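Trainee: Submitted below is the structure of interest, expressed as structure tokens.
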Amino acid sequence: MKKEQFVKNRIVKTIAGAAGMGAMLAMGMAHAGVTTIGKPGVIKLMKEDTGKVTGHNQVTYSGANPHTVIEQVLPGFPFPSFEADKQTNPTLIYGAGVKKVTISVINTNGGAEHSFMITKKGPPYSAMPNPSSLHAMAVVPELPAASGGQFNTDTVEWTPPGPGTYYYLCKTPGHASTGMHGKIVVK
């Protein structure tokens, strides 16, 4: 890649990141910030997930304040995906009475950065999804790729606006358009 194109790409990512952070502040989302943890930290965080596998590729959460832990992985095929409770790009179901969902995202992929976003807009997604045009309700910015046994993680709190269907996706260019997304159902 030529230096000029690299600089242009970085400027676009910086502007998109600033727009996403502004949207998060305007919507009152709580956002923890990126931290780096080792494998014991990943195992501990995954045990904090309060969901239960309740059907083919679906995870159900109950209570007013569930905790969802999502891994960003590159399993043995060319497209990245999300995993929760060992389900790939699962439908996440939150029961009636949910007030606030804590979502911890871990990038366990050693080959690419990933992000996480919740929106009302379903697929298909463009190669470069924009949080402001998708009216993002929760955003975790790009998490750097795992390296040397260290994994990057971030946590966001999301207050569902009401019952309905929502979607989560990776806004890193090319990821959502190749299948790195899933559905959320709030009862």
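Every residue, even glycine, has its Cβ placed from backbone N, Cα and C.
Pasting the relevant annotations from TrEMBL:
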- 1-32: signal peptide (SIGNAL)
- His114, Cys170, His175, Met180: Cu cation binding site (BINDING)
- 145-187: domain 'Blue (type 1) copper' (DOMAIN)
Trainee: Here the binding-site residues are His114, His175; which one has the lowest number of other Cβ atoms no more than 10 Å from its Cβ?
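Mentor: If we count Cβ atoms within 10 Å for the binding-site residues His114, His175, the smallest count is at His175.
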Trainee: Determine which residues of this chain, when His114, Cys170, His175, Met180 are set aside, have a Cβ within 8 Å of the centroid of the Cu cation site's Cβ atoms, and list them as they appear in the sequence.
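Mentor: The answer, listed by sequence position, is Gln72, Pro80, Ser81, Phe82, Ala112, Ser115, Phe116, Leu169, Lys171, Thr172, Ala176, His181.
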Trainee: Taking a Cβ cut-off under 8 Å, which residues six or more beyond the ends of the domain 'Blue (type 1) copper' (145-187) line up next to it in the same chain?
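Mentor: Residues 16, 24, 28-39, 41-42, 45, 70, 72, 79-82, 89-96, 98-131, 137-139 contact the domain 'Blue (type 1) copper' (145-187) from elsewhere in the chain.
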Trainee: Using the structure shown, find which entry in Cys170, Met180 (the binding-site residues) has the sparsest Cβ neighbourhood within 10 Å.
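Mentor: Across Cys170, Met180, these binding-site residues, the one with fewest Cβ atoms within 10 Å is Met180.
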